Amino acid sequence: MIPIEKYHGTGNDFFVVDAAEPVADRREIATRLCDREDGLAIGGSIGADGVLFLALEDGYASPRVVMTLVQPDGSTAPMCGNGARCAAAWAARRLCRREESERATPASDGGRRGSASDDASDDETTVMVDTQAGTRRATVDGDSVTIEMGAPSFAPAAVPVVRDEPLVEEPVEGLTVTAVNTDVPHAVAFVDDVSTVDLDAVAPAVRHADAFPRGANVTVASPSTDDGPDWSAGAFDQRTYERGVEGETRSCGTGAVAIAAVARELGHTDAEAIAVRPPGGRLDIRLDERGAVLAGPTEREGTAEIQIDNPQSAEAAGD
Ligand SMILES: N[C@H](CCC[C@H](N)C(=O)O)C(=O)O
């Protein structure tokens, strides 16, 4: 039996599997468990937006977790803002439990490796999350996780987009988009009201447009309705259609950072602190010359165990 945990960050949900578990075919497991109709049910929902395979590495001054996100279509995403926040929350919880059990049974070497209590504050744990896009520093404070993201780039080679100049506010398959890389490619379109966009109808053509040789996540944004229709207020509503999920998700961290970066690039706001509201909650972004920082809540929803040969026979154990 393989233990599976379920986490979500503002509604972007993931199964978590310890990378040490003997899962030979990660694509097959991800495709099966994530299915929204026939997949694994934990915490009141069926399936997920991906499976995080996480390896907690010993021997570093700051705890380090190696993250691989396998998406429902079997592809691997180089980065995922919400997934990385969940990975940090998972690692902090593991470390905390490990310390509790070490306190109950003191280790003979008394070694101090990767301790969750090595941080300046007793309430916060710093976790380094290794992703295919690079190592990102996360701070876990209860259920709230803040993570340093890479610096957004509009450079055609970085997005990537097949052109010589950045793609800024140009029509692509029916949407007026700006292309940005926030560790993954996003095509961002500002519209008057995200709730009126038929995302499932318009996004697939943009996601697969020839301009994007590796595809793109498609993110639409509008001035946040809670804060009034003021473009400069630094608050935006978000909806994202994700590559790899091939559908809309309830939240997307790299997409929220992409909205902040494009809003600043287009002069919609000059705020350093930008609030983004995906359908699943609220994410806070800070953008300065060093890059972007993404903050928001996470939640551990529950656990299950699966038979590796027959994942559908899984029984939710709950917690
Ligand atoms: N949901 C993720 C993004 C995953 C990106 C992935 N869909 C891809 O680029 O293939 C996030 O919170 O940033």
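Cβ from N, Cα, C; glycine included.
Ranges compared are 56-79, 296-319, and TrEMBL records region 'Disordered' for 296-319. Rounded to a whole number, the C-alpha distance linking ASN217 (substrate binding site) with CYS252 (active site, proton acceptor) is 10 angstrom. Between the CA atoms of CYS80 (active site, proton donor) and CYS252 (active site, proton acceptor) there is a gap of 8 Å. Apart from ASN12, GLN71, GLY81, ASN82, ASN217, GLU242, ARG243, GLY253, THR254, the residues listed for substrate, the same chain places the Cβ atoms of ASP49, ALA77, CYS80, GLY83, VAL184, THR240, VAL245, THR249, CYS252, GLY255 within 8 Å of the centroid of those Cβ atoms. Summarising the environment of CYS80 (active site, proton donor), the number of other Cβ atoms within 10 Å of its Cβ, over all protein chains shown, is 28.
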